[in-house]
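Record features (TrEMBL):
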- 99-239: domain 'Sodium/calcium exchanger membrane region' (DOMAIN)
- 398-548: domain 'Sodium/calcium exchanger membrane region' (DOMAIN)
- 1-18: signal peptide (SIGNAL)
- 92-112: transmembrane segment (TRANSMEM)
- 133-157: transmembrane segment (TRANSMEM)
- 163-188: transmembrane segment (TRANSMEM)
- 200-218: transmembrane segment (TRANSMEM)
- 224-245: transmembrane segment (TRANSMEM)
- 336-358: transmembrane segment (TRANSMEM)
- 364-384: transmembrane segment (TRANSMEM)
- 396-413: transmembrane segment (TRANSMEM)
- 419-441: transmembrane segment (TRANSMEM)
- 462-481: transmembrane segment (TRANSMEM)
- 501-524: transmembrane segment (TRANSMEM)
- 531-550: transmembrane segment (TRANSMEM)
Amino acid sequence: MALAVFLSVLSVLSRLQAVKSGSGDLRNQPVNMLANMSPSGGGGDECDHVMNLSAAERCAFVKNTPDCNMEDGFINYLHVAFCLLSPNLTPLTITLCIIWLLFLFLILGLAASKFFCPNLSAISTSLHLTHNVAGVTFLALGNGAPDIFSAMAAFSYPHTAGLAVGALFGAGIFVTTVVAGGVALVKPFAVASRPFLRDVIFYMAAVFWTFVILYRGTTSLEEILGYLVLYVVYVLTVIISAFIYNRQKHSVNTSIQDVAHLPDSEYRPLLPYSESTSQILLSSLNPVDNRKWRRKSWRWRALKVLKTPVEVLLLLCIPVVDPDKEDRNWRRPLNCLHLITAPLVCVFTFQSGIYGNYKIQGEFPLWLLIFLLGLFLSAIAFFTTTNDRPPRYHPLFALLGFVVSAVLISAVASEVVSLLHMLGVVLKLSTTVLGLTLLAWGNSIGDCFSDITIARQGYPRMAISACFGGIIFNMLFGVGLGCLVQMVKTHSNVQFELQGLLTWILVGSLGLSLVLSFIIVPLCRFHLGRTYGIFLLLFYAIFLVIALLTEFGKIHIIHT
């Protein structure tokens with residue numbers, strides 16, 4: 001948390017410095033001087049060239065180069081690196097930014113797993129959706145939220161589109177090789193043939209479609225809508241396949257009956273006990289389960305200590321509805337507080353907080369109006385409800401939690417993209433390699449642990465289905481929604497600025513891994529053993545080595 005405060009102070013100082021520089025000497029410098037500062041010789045449209053200048057010239061270049069403007073983040077990291085801090089402190093700056101990046105990934109993971117996914121599950125339950133429909137729509141959106149919002153943020157500008165491409169394709173290779181290989185090593189099993197072939201075929205179609213768009217360097221509205229239509233076709237295929245399978249299963253054995261799910265009463269007290277309002281509020285803000293704490297290892301406890309402050313802040317701002325609990329997670333004092341804090345979080349985080357300073361008619365702050373409305377609704381909810389029974393409109397809190405967590409995840413994803421862009425400029429790394437490494441690993445590491453854990457618990461088929469089904473959603477919606485939002489903003493087709501050979505190695509490697517899986521798995525009679533798992537891990541290691549050698553110029557195209 002001290003690091004977060006430190007970087008927030010840096011943000012304020014950098015913005016103040018930017019305001020002061022607007023009337024300083026730099027604005028009066030000749031245009032020709034600023035043009036000569038860019039190695040490209042033009043008006044300075046490429047921020048990547050800043051490292052080719054001397055330390056004294058970098059700050060002026062960053063301030064006067066449009067490509068260096070970071071409008072989608074709370075902190076202008078390039079101003080911090082080149083204007084606010086001394087060039088001698090660059091190693092310290094990079095170290096702090098990497099720690100801050102890990103902290104942002106922690107926020108993304110907690111917001112998605114603890115708030116976004118449960119509320120989506122509650123919404124699907126309230127709408128009485130089947131497990132198949134919920135799994136390929138709402139739950140897929142919940143699991144892929146970090147990837148999708150990161151891609152949408154990266155597609156906001158042409159110079160960071162490579163970051164989105166690297167992240168989506170890099171995460172695809174990581175999940176289909178490292179995660180799938182880990183599942184095969186942990187629990188060798190026979191994969192379900194038809195669902196496996198279905199997912200691989202749809203994923204190959206999505207990869208090929210993306211390859212065509214990247215090769216052309218631009219995309220149209222019709223192609224982007226086709227992306228979304230392709231996912232609709234995939235969802236319908238899943239639903240129809242499940243319907244046919246269930247009918248066949250029912251015809252074979254009609255004696256199987258659904259067993260009603262009973263809530264756990266292991267720790268229900270023998271005598272009724274009612275907590276006071278203050279006790280409910282304090283217990284609701286405590287993310288540590290004492291029973292689980294005693295059973296866990298010291299590593300889990302250490303990580304929980306790091307996550308607890310973030311969880312408490314998120315619990316203060318985002319409501320969570322749990323249909324599996326008897327009281328549906330109704331916490332009267334905290335839920336009433338959410339009616340105040342949740343809208344304020346949306347105001348201060350939506351589009352990097354531009355509405356935080358907005359004033360109605362130039363006089364009345366928007367955030368104050370939202371606060372007063374929230375206070376009014378909170379008072380009504382508090383005095384018309386009780387602690388022990390949720391109101392009829394309690395499912396609406398799931399919708400509120402979904403919106404707030406989505407806005408928060410989008411804001412954090414934009415911050416991650418801005419930070420990775422700065423690291424790419426300082427370290428002279430392309431946005432593609434940053435996407436396929438740091439961003440892909442950060443967004444996929446949770447899937448890695450969860451899928452391998454599911455496999456260890458005896459559900460390897462579920463784990464392998466998650467490996468392929470989730471990334472189909474991430475690619476189609478990550479590219480589709482990202483480009484669609486950009487088209488709405490610019491009223492023009494999306495242009496891609498990609499990093500040459502590395503992009504094609506990335507696309508080709510993902511396509512090759514899918515083709516090999518499509519051929520090898522049927523030849524092995526759909527049995528995934530340890531040999532296949534080792535093959536997938538070696539494939540990823542070779543891909544990563546080739547990608548890094550290409551990034552550092554050891555592998556390149558020879559022009560004749």
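Quick reminder: no glycine exception, Cβ is built from N, Cα and C everywhere.
Remember, it's a predicted structure, so these values are computed and weren't measured experimentally.
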Chain residues in Cβ proximity to the transmembrane segment (364-384) (below 8 Å; excluding those fewer than six residues from its ends, i.e. six or more beyond):
332-333, 335-337, 339-344, 347-348, 355-358, 391
Given the transmembrane segment (419-441), which of the listed stretches 163-188, 224-245, 336-358 has the most Cβ pairs that are under 8 Å apart from it?
163-188
Determine how many residues of the domain 'Sodium/calcium exchanger membrane region' (99-239) DSSP places in helix, in strand and in coil.
122 helix, 4 strand, 15 coil
Taking residues 6+ outside the transmembrane segment (163-188), which of them lie with a CB under 8 Å of any CB in it?
147, 150-151, 154-155, 203, 207, 210, 214, 417, 420-421, 424, 431-437, 439-441, 443-444, 447-448, 451-452, 455-456, 458, 460, 463-464, 467-468, 470-471, 474-475, 478-479, 482, 496, 498, 503, 506-507, 509-510, 513-514, 517, 527-530, 532-537, 539-540, 543
Short question: which residues 6 or more past the ends of the transmembrane segment (200-218) have a Cβ under 8 Å from it?
165, 169, 172, 226-227, 230, 234, 237, 468, 471-472, 475-476, 479, 493-496, 498, 503, 507, 510-511, 514-515, 517-518
